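In what follows, a structure is listed as structure tokens, so that the remarks can point back to it.
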Amino acid sequence: MSAYDALLHRRSHSKVGLRAPSHTELLRLIDAAATVADHSSLRPWRLIALRGEQRDALGQAFANAAAAGGGSAGAGGGGGAWAAAESRGDAAGGAMDVDGPARDKFVAKARRAPLLIAIVASPKPSEKVAEWEQAAVAAGVAHNLTLLLDEAGWGVIWRTGNLTRTEPVRRLHRLAPNEQLLGWLYVGDAPPGREMRRKRPNPADFLTEL
């Protein structure tokens, strides 16, 4: 399949099956995803695989963050905003674990796929390459990986949300103060059945000439 066809036929799958690619299979796909354009070859990204009970730990972090009112702040921009979030986060992170139905709801969210791949923008010191550009590289790797997983027959959806910016979730992923969590790829068996067609925008609406 050509790159053009792969892009036209890519779909996000909100529901996936119980199988997931192995560690070895993932390494092969990441090797290709890493060919994204990367100014100065800084490689300002990393990925974290969550399987099995690791997903329950994520659900617990979701519940703790939500109970503490996490995720209500704005998105923030560069490393300074993330460092500030890190420094003030003990108000949420130091609380006791939430239990009961609230926890169960968030654990169920984290268990919607057998494999979650956390996407981390990990900027490197550079006088030439701004942090936003480095975050774009991390997002490019993630998008490449969704295409490669789709081509390999896996179902995948990229999920984000306010909870990526909360202290319990940041701590679980062991993020450095300057790192950003860009969400997770939820990966599993592609669901059977007819492929739904996506309505595509008119490209002429997005292309102008100077």
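From the backbone N, Cα and C atoms, a Cβ is placed for every residue, glycine too.
Database features, via TrEMBL:
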- 9-188: domain 'Nitroreductase' (DOMAIN)
- Arg10, Arg11, Ser12, His39, Trp158, Arg159, Thr160: FMN binding site (BINDING)
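Considering only the residues assigned to FMN binding, Arg10, Arg11, Ser12, His39, Trp158, Arg159, Thr160, the longest pairwise Cα distance works out to 29 Å. DSSP assigns Ser12 (FMN binding site) to coil in the three-state reduction, outside any helix or strand.
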